[in-house]
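Inspection log for the structure reproduced underneath, given as structure tokens.
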Amino acid sequence: TSAALALLGGSVAALVVWKWLGRKMIQKKMEEARRTRDEGMKKMAKAVQQFREQVPSVQTDAILSLPLLELTGRLREGSLSPRTVLYTYLEKALEVTQQTNCLRHFIPECEEQLQEIQRHKEKGLLYGIPISIKDHIGHKGHLATCGLVQCLGTLMEEDSVLVKVLKRQGAIPFAMTNVPQSLFSYECSNPIFGQTLNPLNPQKSPGGSSGGEGALIAGGGSILGIGSDVGGSIRLPSSFCGLCGLKPTAERLRWVLALPFQPCPCAVGPMARDVDSLALCMKALLCQEMFQLDPSVPPIPFDEEVYSSSTPLRVGYYDTDGYFPLPPCMRRAVKETRRALQAAGHQLVPFSPPRIPYVMTELFLKTFFADGGRTWLDVFTGDIVDPGLKPQVNSCKMPRLVKKLLALLLKPLQFLLLLKLKDVAVVSTCRSVKEMWNHHHQIQVYRSQFIARWKELQLDVVLCPVLGPAFTTGYPRKLLTAISSTMLYNVLNFPAGVVPVSTVTEADEEELKLYQGCCDDPWDQTLKQAVSGAVGLPVAVQCVALPWQEELCLRFMKEVETLS
């Protein structure tokens with residue numbers, strides 16, 4: 001017996017030592033990544049200082065205040081040099097990241113690209129424009145981490161198609177921005193590079209997963225950025241940070257590095273200060289270079305005629321999806337925009353999106369957790385889990401038997417759980433390949449029904465709410481399913497964009513005190529806490545079009561932007 005106990009004690013001690021060594025190794029890798037990041041920032045600061053000494057008379061504020069269309073014009077005519085613009089934005093980006101921790105890495109090769117564009121005979125549509133890209137959009141010689149330790153050892157061997165096309169159009173990628181761990185969060189935090197803050201209010205989150213982009217652009221450190229969107233990851237940071245952002249139909253642009261789990265088609269798209277910037281970016285990307293580099297992208301160039309049209313639109317609208325009631329200011333934004341559109345001669349038609357609780361639980365979350373979350377858990381192997389993801393990770397780690405017992409015990413509360421599902425432990429999974437095939441079929445059936453309702457009402461576009469205003473940091477993790485307003489259009493794979501139209505007023509804050517949500521339950525109370533203290537922060541709306549109609553979506557966004 002004593003020998004067995006000694007053996008057991010020795011095994012436990014060995015296991016503890018092994019786990020401790022593993023954790024030390026993870027810590028070492030993370031420290032190395034942070035050190036590399038910090039050294040890159042120092043090089044960036046040194047390069048800016050050298051430029052400042054060489055060209056002391058640069059009118060920084062004047063350059064930073066130029067809209068993208070005006071800046072491209074100045075660069076093409078030669079009244080501004082690409083070098084001056086690049087170093088002006090590098091300097092501002094350093095300032096913004098010191099306040100918000102939005103940059104994951106400086107791209108030193110931007111200086112080589114600066115030389116390269118000056119050798120081109122033709123000036124591309126984005127000639128001389130400094131551009132920021134989200135962490136996982138592949139750039140040669142750099143990491144695509146997704147905030148995960150297991151991704152720290154692999155440098156990209158070549159530029160992604162998206163980066164190649166941007167460079168071909170004369171853009172200068174200069175920085176990669178921070179993301180939440182595994183990209184599955186709209187809180188922008190990971191254990192390697194830390195938490196990103198909202199430049200408009202450091203107590204607030206910039207949203208996610210393209211939160212680093214949102215913070216950098218909103219802070220003035222970038223004029224154009226590229227994000228990605230699986231459940232709202234372009235649109236939520238745009239809403240939280242007061243930007244314009246477009247999630248195109250997923251296949252309209254070339255996709256980049258993806259994780260092994262994708263609950264919906266993942267779309268890449270632009271983020272900027274105004275709609276014209278988004279349109280210019282889409283026009284630049286939808287070119288022969290893109291179609292040749294990736295034949296799987298449909299060769300559909302940007303339709304300028306649709307974007308420039310002034311024909312009155314037939315607009316469907318709703319201010320709640322009936323699943324997760326949004327704060328009063330977000331519903332106010334839809335109502336005010338609806339009235340402005342009507343006054344401008346557009347036709348407004350009430351529209352009600354069908355069966356959103358079913359879409360959230362049966363279509364979106366069931367796709368993501370079809371295997372009980374095992375594929376997602378695999379990406380955390382040999383990693384430290386970010387506090388923002390621990391509730392979801394722990395739920396997925398529960399043994400199946402425990403989940404079944406939990407589901408049985410919670411059956412009396414089934415309706416409430418379906419309505420406000422926070423705990424992924426009670427999401428049903430696909431138990432066979434046949435069930436998975438049927439699940440995919442159900443998504444297509446829903447999509448067909450949604451389009452049929454849209455066509456029945458003869459709609460051109462839809463105006464609807466987006467989650468906001470910016471949440472206080474730490475709250476997105478508590479309200480995973482509050483993203484129903486954006487997630488719907490990922491399931492449907494429709495182009496959808498966000499436009500800021502107002503700001504939170506004192507009256508909104510007073511009305512928030514009376515907010516009861518759906519049932520005045522803990523989730524509703526948590527949402528109230530998440531968005532309180534937001535006076536002055538941006539309030540946005542969401543604009544939607546049918547698949548492949550990005551130009552119409554942008555045209556509608558431009559109309560909303562002009563009227564607001």
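Going from the start of the chain as shown, residues are counted 1 onward.
Cβ atoms are placed via backbone N, Cα and C, with glycine included.
As recorded in TrEMBL:
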- 85-554: domain 'Amidase' (DOMAIN)
- K134: active site, charge relay system (ACT_SITE)
- L183, S209, V230, G231, G232, S233: substrate binding site (BINDING)
- S209: active site, charge relay system (ACT_SITE)
- S233: active site, acyl-ester intermediate (ACT_SITE)
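Projection of TrEMBL feature records onto the structure.
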residue: K134; record: active site, charge relay system; Cβ contacts under 8 Å, 6 or more apart: M176, T177, V179, S209, S210, G212, E213, G225, I226, G227, S228
residue: G232; record: substrate binding site; Cβ contacts under 8 Å, 6 or more apart: Y186, V466, L467, I483, S485, T486, M487, N490
residue: S233; record: substrate binding site; Cβ contacts under 8 Å, 6 or more apart: L183, Y186, G208, S209, S210, G227
- line: Note on substrate: the CB centroid of L183, S209, V230, G231, G232, S233 has further same-chain residues inside 8 Å, namely F184, S185, Y186, G208, S210, S228, D229, I234, L236
Message: Please identify, from the binding-site residues S209, G231, the residue with the sparsest Cβ neighbourhood, meaning fewest other Cβ atoms within 10 angstroms.
response: G231
Query: At its widest, how many Å does the recorded substrate site span between Cα atoms of L183, S209, V230, G231, G232, S233?
result: 11
- prompt: Between 0 and 100, where does the mean pLDDT of the domain 'Amidase' (85-554) sit?
  reply: 91
Query: What is the number of other Cβ atoms found within 10 Å of the Cβ of V230 (substrate binding site)?
result: 25
Task: Tell me the Cβ neighbour count for L183 (substrate binding site), meaning other Cβ atoms within 10 Å of its Cβ, over all protein chains shown.
output: 25
